[in-house]
Amino acid sequence: MKSISNRDKLQDLLTQYYLNTNEKMVFLNSTGEVIALNEAAEEVFADDNDYSQMTNAVCRRCEGYSNEYDIMSCENCFLEALEIGKGSFQVFIRTKDNKIQPYTASYELIDHEKGIYAFTLHNVSPQIQRQERMYQRKMMQKTISAQENERKRISRELHDGIVQELINVDVELRLLKYQQDKDELIDNSKRIEGIMSRLIDDVRNLSVELRPSSLDDLGLDAAFRSYFKQFEKNYGIHVNYHTNFSAQRFDNEIETVVYRVVQEALFNALKYAQVDIVEVSLQLNENNIIAEVSDRGVGFKRGDDPKGTGLGLFGMNERAELVNGTVNIDSQINRGTIVTLEVPITD
C-alpha cells in the first residue's frame, strides 16, 4: 500500500511539474505525431489544440541544432538518430512571432514498447544575453585600455621627439637675429630647414601610424605598399611583399584589423627578430583573407610573451576576433617567427 501511495504522490508531483513548469515538454510517437504537450510548449508549437494536425511540428519549428557539422545544422538530425542520447544539446527553434531562439534540449525514448519520445526545451536566451553583456563589457575595457596605451605612446612621441625638435627650431630662430656673418647665417638657416624637414617627416609618420588615409581611400594593397616603403626608409628593414590583391575593397572593420595586425607583427619583428628582411604575404581566396608576416630571426619559445606595441604579439588574436578571424603564431628559436591572420569574408 505504501508503494502505491508513493507512486500516486510521485505521479501527482510529476503532473504538477508538467502543468506548471516553464520547461517546454512535448511527447511524440515514432511517426513524429504529437501525443501531448504542456502549456509552456504550446507557446512554441501549438497553433491550436488539435494534436492530430501537429505531425512533424518539432521539425517544422526547428532551425537546426549544434553538432560537429555546424552551430545550426540539420545534418544527422537528432529526431532521426538511430541511438538516442541521454545528454542535452543546443537547438534553435523558430517561435510563433518568427524569432529564432536558442534552447537547451533533450530528446529521449521513454517508452520502448509504445515508442514514445520526450522532447524538452529550456530557454537559455537570458543566460546568453548575460554572457554577451559580460563579453561586451570585457571588450570595452580592453578597448579603452588599448586606447589609453596608444594615447600614452603618442604623447611620448610628441613630447620626446616633435616638441623637442620644435624647441630647437625656436632657439635657432631666436639666435639668427644676433648673427652678423652671412655665411654663418646661411649655414644656420640650412640647419633649421633640415630640422623642419625631419619634423614634417615625423608628423607624417605619426599620422600614418594612427590612420593612413590611403587605407580609407584606396584599400589594403595601396595602404600596405605605402606603409612598407616608409617602414623601410625609417627603420632600414626591407619588406618583401607578395599579394594577389588588386583594387578589392572590404568592410572597413576588416581592412582595419588586417592592417593593424600586420603592422603589429612588423613592429615585433623590428624589435625582437634581429633581421634586416621581413616577408609579408597578403592573399585573397574564395572565403578568406590570409595575411602572413614571417622572419628568419631569433624566434622565441611558445611559453614566452614578448612585449610589443599596442595590443602585443598575443593580443592580436583579440583584435582578429572582432571580425571572426584567427591569428596563429609559429616560432622556433633561431629559426624565426611566422604570424598568420585569417579573416573570413562574405559577399
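Keep in mind that glycine also has a Cβ here, set from the backbone N, Cα and C atoms.
There are 21 other Cβ atoms within 10 Å of the Cβ belonging to CYS62 ([4Fe-4S] cluster binding site). Sequence annotations record features per position, and here Swiss-Prot assigns [4Fe-4S] cluster binding site to CYS59, CYS62, CYS74, CYS77.
Per Swiss-Prot, the feature domain 'Histidine kinase' maps to 153-347; the stated evidence is sequence analysis.
Under the heading phosphohistidine, Swiss-Prot lists HIS159. Within 10 Å of the C-beta of HIS159 (phosphohistidine) we count 10 further C-beta atoms, all protein chains included.
The 10 Å shell around the Cβ of CYS77 ([4Fe-4S] cluster binding site) contains 14 further Cβ atoms across the protein chains shown. Annotated [4Fe-4S] cluster site CYS59, CYS62, CYS74, CYS77; additional same-chain residues within 8 Å of its Cβ mean position, judged by their own Cβ, are VAL58, GLY64, TYR65, PHE78, LEU79. Comparing CYS59 ([4Fe-4S] cluster binding site) with HIS159 (phosphohistidine), their Cα atoms are 66 Å apart once rounded. Neighbour counts were taken at the CB atom with a 10 A radius for the binding-site residues CYS59, CYS74; the maximum falls on CYS74. A straight line from the CA of CYS74 ([4Fe-4S] cluster binding site) to the CA of HIS159 (phosphohistidine) spans 60 Å. CYS74 ([4Fe-4S] cluster binding site) falls outside any helix or strand according to DSSP and counts as coil.
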